[in-house]
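Peer 1: Handing you a structure now.
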Amino acid sequence: VYHPDLCFCVSVESCDSPLVSALPQSAFSSSSELSNSHGPGFAKLNRRDGAGGWSPLDSNKYQWLEIKLEQRTEITAIATQGRYGSSDWVTRYLLMFSDTGHNWRPYRQEDSIGAFSGNSNADSVVMYKLQQPVIAQYVRILPLDWNPNGRIGLRLEAYGCQYKSDVVSFDGSAHLLFRPDPSATPANRDVLSMNFKTLLNSGTLVHMEERSGHTLTLELFRGKLLLQLRKGTNTHFSALPGSSDDRTCGSVCLLNLCTSLHSFLLDDQHWHHVSVERVRGLVNFTVDKNTQQFQLPESWSHSEINESHNTRLGNVSFTCTESIDVPVTFASPGSFLALPWVSGGESVSVALQFRTWNKAGLLMTFDLQHNAGTLWLYLSEARARLQIHKTGRIMTDITAGASLNDGQWHSLELAVRRGRLAVTLDRTDSSTASTSFPVAPDSQLFLGGCPETEHSSCRNPFSVFQGCMRLIRTDAALVDLIRVQQMLFGNFSDLQMDMCGIVDRCSPSRCEHGGRCSQSWSTFHCNCSATGYSGATCHSSIYEASCEAYKHKGNTSGFYYIDVDGSGPIKPQLIYCNISDKAWMVIQHNNTELTKLKVSSGINQHLAHFNYSADVEQIQAIITQAEYCEQELSYHCKKSRLLNTPDGAPFSWWVGRSGEAHMYWGGAVPGSQQCACGLQENCVHPEHFCNCDADSKEWSNDSGLLSHKEHLPVRALTVGDINRSGSEAAYRVGPLQCYGDNSFWNAAYFNKETSYLHFPTFHGELSADISFLFKTSSSSGVFLENLGIKDFIRIELSSPTQVLFSFDVGNGPLEVKVETASALNDERWHHVRAERNVKEASLYVDHHPGAVQKAPADGHIHLQLNSQLFVGGTASRQKGFLGCIRSLKLNGKTLDLEERAEITPGVTPGCPGHCSSYGDLCQNHGSCVEDHSGFTCDCSLSPFTGTFCHKDVSAFFKPGTSVTYTFKEPYELNRNVSAQSSSIYSDLTLKGENVSLSFRTSQAPALLLYVSSYYREFLAVLLNRNGLKHVRLNIVDFAILVNSAGDTEISSKTLEETTFVFFLGETSEKQETKTFPLNTQMHLFLSAESGEVDPEIARLNALGFTGCLSVVQFNSISPLKAALLYPDTSPVIVTGPLSESSCGSSLHTNPYAAETTHSLTDHVGSVNTGEPIVNAINSDSALIGGVIAVVIFVSLAALAVMARFLYRRKETFQPQEPKAGKTDDSPETPFNTDPNSQSIISDNQKEYFI
C-alpha cells in the first residue's frame, strides 16, 4: 500500500549517466597536488586539461582524490584512467563514499574485497559496474599502488542517476502513527521497504499491530536488525514503543508485514536498505544485499494492516541533520597514533570510544613524568587492564569491563585526580586504585601501538590494537583528527583516517550446518562441534552417506549416523544398519509391533499414523538413493474383511509418502487391489484376492512386503471392518528397510585418453567439495575440470604418487598437492576429497596426510564458472584419464556417470575389480567374491560366518553333548575320473592335518577333539589335569596325542613345530606364543591293528566335556558350523542338546566382533563415525562359575600338525558321482569345497568327534 504523504520514490529505467564530467573544479579536492596544473579539477575522464590529470605532491598511501556531487546520487559504476601523456597511473585503489564528506565508507565488492584493480597505462579506461549501487553525495579515491616507474596519476568518471526520497528524522522520543482502514481488503502481497542510518546501536524502527493481536516489530538491537513476530491477546493498537536511546533517520517508502534476525554493525551512520516482502505465506527479509527467506504461520497468511491516515507525535522533522563523526582505523600491526601532551594540571583525563573483534591489543601507553614508570592500558581476554611498571616491577594492576571484543562501540575513560586512578568502561563499570606518585604523561600519548623505530621511547610488550577509535579527548578537549590527517597535529602511521573499517565477517555467517561463528579483526572461525560436519566452514560431513559405505569400511551391524546428501542441507540421521551380505538401512517408526483391534461401539474405522525416526526429506533421499526398499504390511483377521475383493469397495487402505491412498496390500503390485495370495493365486478361497476377504470366523492373515519405492514409506493406515459383532483384527507395519547405494557404485571406465564425460556447470561459488574414488594403471591424467572466463577448478593425477587440486577464484592460480609414499596407479581404489571455501582449500587422498592452502586475506571469494564440467578429461582433450572413476559427488550430489557413459564413445559404464581393494575385509580365510556393484565374502572355507567371516560359531557343550561328522577318503573324490588321477590319490600320503579350535572350560582333564579312520588311526586333542594351573605358559598342558606303532600309551610329549597362541582372560589383550622344533624321530603315523580305543581316551570320552567350543576346523571342514547352521543338509550326527551360543564371542580379539543382534529398542552407548551403538551384553553365564577363560587358537596357517596318515585301501569301493560344489556360504559348502574331500558317505569313513 502506497501513501503519497509519506514517501516519494523516483523510478528510472536506466541509471548510468555520467556524474563527474559536468562538475565545476570547485567540486574536486585532494590531499595535495604536484602543481597547479596537476590539481584535482583536471581529473576528468578523457580530458587533457592542465597536465592531463591529477597527481599529488608525494606518491604515498596517504593521498586521496575527492569529488562532491551535486546532491545525493545513486552511483552504479566507476571508471579510471591514467594522467594523459605520462607514466603516471594508479594500479590499485579503494573506492569510498560519504553523505557528509566525513565518516567514509569503503565499497566492498565481495564482502571482503575492498581494493579495485586500476590501470596498466595512461590512456586505457577501466570501468567497474558496482554489484550493489551506492547512494551518496561524496566520492573519494585512495590510491594503494601505482606505476613503479612513475607517480600517482588519475582521471575518473562516476555513473549513476539522481536519487530522491523524502526524509524523516526522529530524536528518540517522537514517532509517526499510522492507523489502518478497517474496510480495506487484505492484500496477497505486502512490502515494507526503507533506508535508515543511525549512530546508536538500539531503537525501534517499525511496530505494527493487527486486530487479531499479532504484532510485528522491526528493531535495531546492539547493531543488529531484528524482525520479531509475536502472537498476543490485546486487540487494541498501542503507541509505538520508543526509548531515550532511539535515534534513527530514515527514508521510508512502503509499509506492511513480518520476522527474523539479520546483519550487524548497522550503527555506522551510513544508509542501509531494509526490505520485508510477503507473498502469501512466504517472506523475504533483505538487509542491504543479504536476503533471508522464511515461511509465515498460517494465521499470518493475510495482512490486516492498511494505511488510512497518519499522526505525528513528538519532535519529528523532515530533514536529517548529520553529526560530524571522524573515526580512525588501526588496521595493521604498524598502526599507531601519537598525540602530544601539553596539559600541566594536577588531574589527567583521557577518554575515547573504541570497537574491535580482538580479545587483546594495546589501547594507550605513555611514560610517566619524572621517570616514575610506564603506563599501559590494554585489552586482555576482552577486558580492559591497566598496569604501571617501574624498573621491572608492577606498581598498579587493575581491570574493568568484559566482553569488549563484541564489535560494539565502548567508551573508555582514564582519570587521575588527587592520587586516585580510575578506569571506567561504558560509564558504569569502573575500577580504581591509589597511587603514591603522580600519574601524568611525560610528553606524548600513544594510542593503538608504538612506532617501529629504535629511538622511540614507546614500548609495547602486548598485542597491537586492531579496531576503530573515535571521540578521542585529552583533558576533556576533543582531538581534531582532521588536523592529524593533514599532519598539522601529532603523528601517525598506517591509519585509515575519517573511517571505521571494521567488517562483520559473521553476518551473514559463512559457517554452514549450524556451525558457530566467531571472529577477529582479520578473519573468522567456525566451531563445528556437535554439528556432524568438519572443515574451516563446517561444510563437509563426517558421516557416511549409507550403510553400504559403512560396510565397505569394515563396519558391522549397529547404529550409525547417515548423512545421505553429504555436504547438502539434509541433516545426519541415526539409523540402524543391519549389515550382512547386503547392508540394510532400518528406519523405525512409533509402532512396529502387532497391534490388536477389537469391536468398539460407534467406531467404524481405526486410523493409525506412523511417525518415523527420520523426517520426510531424509527418508525420500534414502529411498531415492537405495537400490531396493521394502516394508512389511500384515493384517490378521477374524471376521474382518480387508480389501473387500473381488468387486467391493475396500474397507482398509494405507497412505504412502505423497499422501495418496493405496488399495493394494503387501506382496501385491500397485493398483491391483489384491493381496499377495491373490497375485500368487493361492488364497484360501480362490474367489477372493485376499484371505481375509473370505470373512471367516477363524483367524487368517494377509501379509507381504511393499516394495514400490515411489509409494514408501507407509505414513498412515485405515482399518474399516471392525465394527461387527465377533470382528477382531490385528495389523503390523514393519520398519522401512532399504539396501544398496546407487551412488556408491556408480562408476565409469575411461579407455581412451581423448574420452571424457561432460555435465552441466558446477556451481560452488562459496563452498565446493568434490569426492570420488579412482583406480588406474596410468601415471597421470585429469580427473575433472571446469572453466570460467578466468576462474577454473581442476583435479588431476600429476604423477604416480601425487594428486593435484588447482583452482583460481580471481586471486591467481593456487595449487594444493598431496604426495603419497606408495604409487596410486596400482589398480586399487583410492579415495580423493577436495574442498574449497572462503577460508581455505584442502585435499585428502585415502588416509595419507592432507594438504591445506589458506585463502588470501581480503581476496576474491566467489568461484565463477560458466563452461561444462568435464570428467575424465579436459575441453582440450589433453592429459585425459585412463581408468575408473566411481561415486563422484559435487557438494553432496552424485553425478550419474553410468548414464552418461552409456552414450559416450570411449567410456564404459561400471567398473569391476572391487576385491583388489576390499578383499582384505574378508577375514579368517574368507574369500572375496566380485559383484557387479561391490563384493561379498565367501565363508565356506572358514569356520567363521557373518558379513566379513568375522563372526565365530560357538556352542556350549554339556557331558551328554557331542557332534559326529562323517566324510569320505580324499582319493575317492575322483575315483573314476582317470587311471592317472586314481593312482595319484591312491598313493597319496598326507604330510599333515590342519586343526583349529577355540575352547573355554573349567574341566580338566578333558577330551576336546578325536579323529579316527577306518584303519584305527586316530588323532586326539585333550587337556590334561594340570591344564588350568600351567596353561598360560606350559605347553605340555595342551597335547595332541597319537597312537604310534607298537606303543599304545598316551604320549605326553609336546608337539613339535607347532605354534600356540594364548589369550588370557575374557578381555585380555596379552598374547603368549611358543614354538618348538621338530623331532624327526617322532612319527605321527600308526599301523596298529588292535581296533581298540585307547583306555585313557575312552575314560575321558565317558566323562564328556563341559565348556565352550568355537570356530572348530579340520582342514577345510567346519563341523561345528555345519552342525549348528546346516544340520539338515550336512553329514553330521548331534547327540544331546546343542544350540548356538555367544560363549565364544569373547575368545577372540577380532576387530570386527562388534556385530549385534539385540533388540532395536532401549539402546545404550555412545555414537561415533566408525563404531556402532551396542547394548552391553553379558558373557554366557552357563559356564562353571569363576573359571579362567582360555582361548587356544591353532590357526590353519600357524598350526600344522605334521602327521602322516597313510590311507590304505582295504576293499573295493563302488563308483559314485560327487555332488556339484557351490561357491557361497551354503549348507553344502561350509564343510566341502576342497578338491581333496567330498561329502559322499561310503563304507570307508572317518569320524570326527567333538
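Any Cβ shown, glycine's included, is placed from N, Cα and C.
No curator has checked TrEMBL annotations; they are predicted automatically.
Sharing the feature lines straight out of TrEMBL:
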{"type": "DOMAIN", "residues": "7-161", "note": "domain 'F5/8 type C'"}
{"type": "DOMAIN", "residues": "326-500", "note": "domain 'Laminin G'"}
{"type": "DOMAIN", "residues": "502-539", "note": "domain 'EGF-like'"}
{"type": "DOMAIN", "residues": "538-589", "note": "domain 'Fibrinogen C-terminal'"}
{"type": "DOMAIN", "residues": "746-911", "note": "domain 'Laminin G'"}
{"type": "DISULFID", "residues": "Cys884-Cys911", "note": "disulfide bond"}
{"type": "DOMAIN", "residues": "912-950", "note": "domain 'EGF-like'"}
{"type": "TRANSMEM", "residues": "1182-1207", "note": "transmembrane segment"}
{"type": "REGION", "residues": "1214-1250", "note": "region 'Disordered'"}
{"type": "COMPBIAS", "residues": "1229-1243", "note": "compositional bias 'Polar residues'"}
Peer 1: Could you pull out which residues elsewhere in the chain have a CB under 8 Å from any CB of the domain 'EGF-like' (502-539), counting only those six or more residues past its ends?
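Peer 2: That would be 108, 111-112, 224, 262-265, 290, 329, 331, 355-359, 407, 466-468, 561, 563, 567, 571-572, 766-767, 769, 835, 837-840, 842, 857.
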Peer 1: I'd like to know the mean pLDDT over the domain 'EGF-like' (502-539).
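Peer 2: For the domain 'EGF-like' (502-539), the model's average pLDDT rounds to 91.
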Peer 1: Can the domain 'Laminin G' (326-500) be said to touch the domain 'Laminin G' (746-911) if we require at least 3 CB pairs below 8 Å and skip pairs under 6 apart in sequence?
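Peer 2: These two stretches do not touch.
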Peer 1: To see if you understand the setup: which same-chain residues, six or more apart in sequence, place their Cβ under 8 Å from that of Cys911 (disulfide bond)?
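Peer 2: The list for Cys911 (disulfide bond) reads Ala747, Ala748, Tyr749, Lys775, Cys884, Arg886, given in order along the sequence.
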Peer 1: Hey, what's the Cβ neighbour count for Cys884 (disulfide bond) at 10 Å?
Peer 2: 23
Peer 1: Count the residues of the domain 'EGF-like' (912-950) that DSSP assigns to helix (H, G, I), to strand (E, B) and to coil, and report the three numbers in that order.
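Peer 2: For that range the per-state counts are 7 helix, 11 strand, 21 coil.
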Peer 1: Count the residues of the domain 'EGF-like' (502-539) that DSSP assigns to helix (H, G, I), to strand (E, B) and to coil, and report the three numbers in that order.
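Peer 2: Its residues divide into 0 helix, 10 strand, 28 coil.
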